[in-house]
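Scroll down for the structure; my scribbles are underneath it.
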Amino acid sequence: MTYCNKSNQTSYPFILPDLPYEKESFKPHFTLETFDYHHGKHHNTYVQNLNNLLKDKEELQKKDLEEIIEWSSQNSNAAIFNNAAQIWNHTFFWHSIKPQGGGKPSGKILEQINKDFGSFEEFCEQFKQEAVGQFGSGWAWLIYHDNRLQIIKTANAGTPIAHGMKPLLACDVWEHAYYIDYRNKRPDYVDIFIKHMINWKFVEDNLIK
């Protein structure tokens, strides 16, 4: 795995990765029901779908998840790409958050944020605008590209690794990520994500790799 080795699974058949924390530890920001649906049902469905799509494709079965994403992107195989990318994106997202996370970071990541955005407050404002502004399902990302931090959004299963970009942080803005707890209030969810969930150590580890 180029960025988050926890997101990489070596080969077919793929399995649903465990969460890196107890589901209960995110109360009151996420309920158990959200994790049961988001991880246990949505994420798991992508895993099952990908395995079914690969069951008769022996050459693809030899590839790891990133290689499958690359192959399916280059060969315009939407079904395989969507499920493989969503497995990768979700696993990366689970590591992008942690209990009692969020707030203002320190160290190299804060230095880089101040350099590229002017201030942490400006970064927060821009990240929230991108996440809330993504029309329909998708993702908001902090990436390192062209020697600087950038905030981008991708629709549906879109992922930075399909375009040679280095992701540092992912925020899932599909409705299934927040609707149980926040209903249609995506801005509230993104605000909580920034203030109470971001795993800044994970972000910095990805930056310095």
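Cβ coordinates come from backbone N, Cα and C, glycine included.
As recorded in Swiss-Prot:
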{"type": "BINDING", "residues": "HIS38, HIS90, ASP172, HIS176", "note": "Mn(2+) binding site"}
{"type": "BINDING", "residues": "HIS38, HIS90, ASP172, HIS176", "note": "Fe(3+) binding site"}
Taking the center of the Cβ atoms of HIS38, HIS90, ASP172, HIS176 at the recorded Fe(3+) site, which other residues in this chain have a Cβ no more than 8 Å from that point?
HIS39, HIS42, HIS43, PHE93, TRP174, ALA177
If you count other C-beta atoms within 10 angstroms, which of the binding-site residues HIS38, HIS176 is the most crowded?
HIS38
Nonlocal neighbours by CB distance (under 8 Å) for ASP172 (Mn(2+) binding site), same chain, sequence gap 6 or more:
HIS38, ASN89, HIS90, PHE93, TRP139
